[in-house]
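A.B. asks: Annotation source TrEMBL lists transmembrane segment at 12-35, 47-70, 82-102, 108-129, 141-166, 172-200, 212-234, 240-266, 278-296, 302-319, 339-362, 368-386. Taken from TrEMBL, the feature domain 'Major facilitator superfamily (MFS) profile' applies to 16-392.
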Amino acid sequence: MTSAVAAARSTARWLPVVMLALGAFCAGTDNYLIAGILSDLAGDLRMSVAGAGLFVTAYSLAYALGSPVVMTVAQVRSPRRLLLFAIGGFVLVNLLAAVAWAPWVMTVARIAAGCLAGLYSPLAAAAAAGMVPADRRGRALAIVMGGISVATLAGVPIGVWLSHIWGWRSAFVFVAALAVVALLGIALTVSAGGATPSVLLRERLAPLRRPAVLLALVVTVAGMCAGLMVYTYVEPIFAAAPAVGAGLVGALIMTHGLGALVGLGFGSSLVDRFGSRPVLLAALAVFTADMALLPIASQSLIATFAFVFVWGIVGWAFLPAQQHSMIADAPPQQAPMLLSLNGSAMYLGIALGSAIGGAVIAGLGAGHIWMFATAFAAASLLLSLVRHLRRH
């Protein structure tokens, strides 16, 4: 009887965390979904593939620049209300994207979605950490973050599959439906917390005055720029690859997502065992080599899937190592602000990568993206090495 009660209490404690992770899954799916439906979306809205890629830029730029501002303005007593507002708004903006009749409508929907995701993600992480005992907070944060990585494994491929059956608009309806489930789950399981500490915008941006922090953020921007420059345009890039073709793009996205799940899980464990520096440098070195060799590997189907899987692993193993590296020597009270800035840097890198990738496709062709992605990956590696040499 006692064990049954304990099991019930454990389930009740973790169910809200799972609901918060479902919201993160929605945000992750929405962010990466356009990569798999790019050509159909561009054709229906009568625009170029490069132009449609700028919808990723709009979402990511809104997240990167809007998150600190929105979080500062939206400080209210109940984080639960903000979570419900964010995920409820997510339902509406994805329905707007599903019925978008012109590029400007889709742009508005993507900017709004980016701002809402920038509000939801840090609140969900903080809420999850506050629901469990101190020794389980790492697991709670991993579950919420895992919602984003699982989105690349399951959410995006499902959205792509639906788009092949009912058109690209059905993919956004799918995200909206998931958000409704998350909204109901959060409303029923997440209790009203205490007051959100009031933090001024200048306090959130204060760490930017330190050159070491700026250098670390540039590493994040460059690394994310390299990966998302390719991921955003994965459909036109690999559809033209001799060994792949358009029919296997969904499977490639799923393979990358599986690698991301492995990288996120093992990356954290490796950081705990060996420290952030060797894991970070090794991940960036392998990532750079992968970007350089993938165009050659794309001549073989098996090699393409293997290299995309490795890309997913090292691309996501880089993230926990970079986060740990940023807060390792910082005062505890600065850790949340540093992680928030790193999150903005991630999405700034995504915005930059999608914009540069679109410009390269429009001006030079999809086959030239690799040299730019490799250059940014190498820059991330070299800057990270410089940063660590300056610290020791």
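Backbone N, Cα and C define each Cβ position, glycine as well.
Quantities reported herein were computed from a predicted structural model and do not represent experimental measurements.
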A.B. asks: For the transmembrane segment (108-129), give me same-chain residues lying six or more residues beyond its boundaries with a C-beta closer than 8 angstroms to one of its C-beta atoms, as numbers and ranges.
C.D. replies: 16-17, 20-21, 23-24, 27, 30-31, 55-56, 58-64, 66-67, 70-71, 74, 79-80, 82-83, 85-87, 89-90, 93-94, 96-97, 100, 137, 140-141, 143-145, 190, 193, 336, 340, 343-344, 347
A.B. asks: Suppose I define contact as three or more CB-CB distances under 8 A, residues 6 or more apart in sequence; do the transmembrane segment (339-362) and the transmembrane segment (82-102) meet it?
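C.D. replies: Touching, no - the transmembrane segment (339-362) and the transmembrane segment (82-102) miss the threshold of 3 or more Cβ pairs under 8 Å.
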A.B. asks: Mind checking which residues reach the transmembrane segment (141-166)? Cβ under 8 Å, same chain, six or more beyond either end.
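C.D. replies: Same-chain residues near the transmembrane segment (141-166) but 6 or more away: 14, 17-18, 20-29, 31-33, 35-37, 40, 124-125, 128-129, 174-175, 178, 249-251, 253-254, 256-258, 260-261, 264-265, 268, 312, 316.
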A.B. asks: Is the transmembrane segment (212-234) in contact with the transmembrane segment (47-70), using at least 3 Cβ pairs under 8 Å (sequence separation of 6 or more) as the test?
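C.D. replies: Yes, the transmembrane segment (47-70) contacts the transmembrane segment (212-234).
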A.B. asks: Mind checking which residues reach the transmembrane segment (240-266)? Cβ under 8 Å, same chain, six or more beyond either end.
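C.D. replies: Same-chain contacts beyond the ends: 32, 35-36, 39, 142, 145-146, 149-154, 156-157, 160-161, 164, 231, 234, 283, 298-301, 303-305, 308-320, 366-367.
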A.B. asks: Where else in the chain does the transmembrane segment (302-319) make close Cβ contacts, counting only residues six or more beyond its ends and a cut-off under 8 Å?
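C.D. replies: Contacts with the transmembrane segment (302-319): 149, 152, 223, 227, 238, 241, 243-244, 251-252, 255-264, 266-267, 270, 279-280, 283-284, 286-287, 290-291, 293-294, 346.
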A.B. asks: Return the average pLDDT for the domain 'Major facilitator superfamily (MFS) profile' (16-392) as a whole number.
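C.D. replies: Averaging the confidence scores along the domain 'Major facilitator superfamily (MFS) profile' (16-392) gives 84.
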A.B. asks: Grab the same-chain neighbours of the transmembrane segment (368-386) for me: Cβ-Cβ under 8 Å, and only residues 6 or more beyond its ends, written as numbers and ranges.
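C.D. replies: Distant Cβ neighbours of the transmembrane segment (368-386) are 215, 218-219, 222-223, 225-227, 229-230, 233, 237, 280-281, 284-285, 287-288, 291-292, 294-295, 353, 356-357, 360-361.
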